[in-house]
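Peer 1: Got a structure here, written out as structure tokens. Questions coming.
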Amino acid sequence: MKYFIKTYGCQMNINDSEKIKGILQTQGYEPATREEDADLVILNTCTIREKPDQKVWSHLGEIKKLKSINPNIKIGVCGCMAQRAGYEIASKMPFIDLVFGTKNIHHMPKLLEDVKVGNRAIEILEEEDPSENILDSYPTVRDNSYCAYVTIMRGCDKECTYCVVPFTRGKERSRNPQSILDEVKSLVDSGVMEIHLIGQNVTAYGKDIDYPFYKLLENISKIEGVKRIRFTTGHPIDMTDDIIETMANLPNMVNHLHLPFQAGSDRILELMKRNYTKAYYLNRIEKLKAKIKDITFSTDIIIGFPTETEEDFQHTLDVVQTVEFEQVFSFKYSKRPNTPAYYMEDDLTDEIKTDRIKRLLEIQKAITSKLMQRYKNTVQKVLVEDKKGNTYIGRTTTNVWCNITSSQDILGKEVEVLIAKAGFQSLDGVVQNIL
């Protein structure tokens, strides 16, 4: 039997898909390279915005055609959209065999047994399952041999008014620290060099178990063989001085941080229930820059939140120009069911949102181009993750992709690279030294 998984959305979904692959392979499934060749197709969905929902509905329409050609193929839907609207999906798409949410991935073996005997398996848990941590002990099939996602917590307590995550992922639950350290040790033993800690709000890790995030960073840093540590995503209000000091002091912390600010206007931030101000966010950035040499930033921005004025938008542009992010992920606001903002009037036209996002991206393009040119003729540490043709591909400690020329096999190695060319999205360079 063969499976095919299509993953939408964030790093958490990617890691969940890696867990699902591991479960499937323990059940005797092998990976297929195409949906058409699979006995089981699973869509791991995202519902953070309206657009991912639309993509899933469209994809399900295509899969319906596939099922009409091959009635024996089994179709599954999981992830955040399934958690939010799983019963609706099952009702509208009766050809779907399997639906489960974000809180019961570990139930897959039982659900698969139901599907194998011809039953539909539809299970959406409203409450967190105390046994969900067993998922952390399941085998994981990773696409990257040298960089690995490690889930350290699930859920979010922040209750931002636009965000569906508290509904789809539940309350914050920190994973047992020893379980995390054991997984990291196992990954390093298998050849992994970079540990990427993930969660809906990793900087809130440990609040429910009296084990602060900075302490977890310190203990992971001590594990022999961990070359790099990065984490995604944090919340500015939880980016404490202790975390910043720890990041600055650990030799294997990367000097890049993704820190969403969402909007620059204090009025809009209050409506979003972000619980910080523009000044507070800029203070965190200033402290990080002062403590961590050459640190770079990326961020998320929502454009056109209800009642956003031109003056509000100018505050957002001011943050972008002040911080000088290397990368910005910007999105037009779209109301999501099960959020407080769903009941606010979406009073900005699509034309206004499109105009503002275009202006933002024009400013960001100039900033990125300027920052990328600073890499030219410098030597950067790069962890080599892939090879395409004769070119090796890796990332700098500042999270920039680099295409590398080398006469030696450097796959899976950390190398020093002399940057010869700086493009808009990547660098080109030649190996100077293998570390």
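For all residues, glycine too, the Cβ spot is worked out from N, Cα and C.
What Swiss-Prot shows for this protein is this:
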type	residues	note
DOMAIN	1-117	domain 'MTTase N-terminal'
BINDING	CYS10, CYS46, CYS80	[4Fe-4S] cluster 1 binding site
DOMAIN	142-370	domain 'Radical SAM core'
BINDING	CYS156, CYS160, CYS163	[4Fe-4S] cluster 2 binding site
DOMAIN	373-433	domain 'TRAM'
Peer 1: Roughly how many Å lie between the Cα atoms of CYS80 ([4Fe-4S] cluster 1 binding site) and CYS163 ([4Fe-4S] cluster 2 binding site), rounded to a whole value?
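Peer 2: Cα to Cα, CYS80 ([4Fe-4S] cluster 1 binding site) and CYS163 ([4Fe-4S] cluster 2 binding site) are separated by 12 Å.
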Peer 1: Enumerate the residues of the same chain, CYS156, CYS160, CYS163 excluded, that satisfy the criterion Cβ within 8 A of the mean position of the Cβ atoms of the recorded [4Fe-4S] cluster 2 site; list them in sequence order.
Peer 2: LYS158, GLU159, TYR162, VAL164, VAL165, PRO166, GLN200
Peer 1: In the same chain, outside CYS10, CYS46, CYS80, whose C-beta lies within 8 angstroms of the Cβ mean position for the [4Fe-4S] cluster 1 site?
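Peer 2: Leaving out the recorded residues gives TYR8, GLY9, MET12, ASN13, THR45, THR47, ILE48, PRO52, GLY79, MET81, THR168.
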Peer 1: Fill in the CA-CA distance, CYS10 ([4Fe-4S] cluster 1 binding site) to CYS163 ([4Fe-4S] cluster 2 binding site), as an integer in Å.
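Peer 2: The separation of the Cα atoms works out to 14 Å.
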Peer 1: Distance check, please: Cα of CYS46 ([4Fe-4S] cluster 1 binding site) against Cα of CYS163 ([4Fe-4S] cluster 2 binding site), rounded to an integer number of angstrom.
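Peer 2: Approximately 12 Å lies between the Cα of CYS46 ([4Fe-4S] cluster 1 binding site) and that of CYS163 ([4Fe-4S] cluster 2 binding site).
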Peer 1: Which of these binding-site residues has the least crowded Cβ, counting other Cβ atoms within 10 Å: CYS10, CYS80, CYS160, CYS163?
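Peer 2: Candidates: the binding-site residues CYS10, CYS80, CYS160, CYS163. Fewest Cβ atoms within 10 Å: CYS10.
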Peer 1: Measure the Cβ-based neighbour count of CYS156 ([4Fe-4S] cluster 2 binding site), defined as the other Cβ atoms within 10 Å of its Cβ.
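Peer 2: I get 22 for this one.
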Peer 1: Using all protein chains in view, find how many other C-beta atoms are within 10 Å of the C-beta of CYS46 ([4Fe-4S] cluster 1 binding site).
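Peer 2: Within a 10 Å radius of the Cβ of CYS46 ([4Fe-4S] cluster 1 binding site) lie 22 other Cβ atoms.
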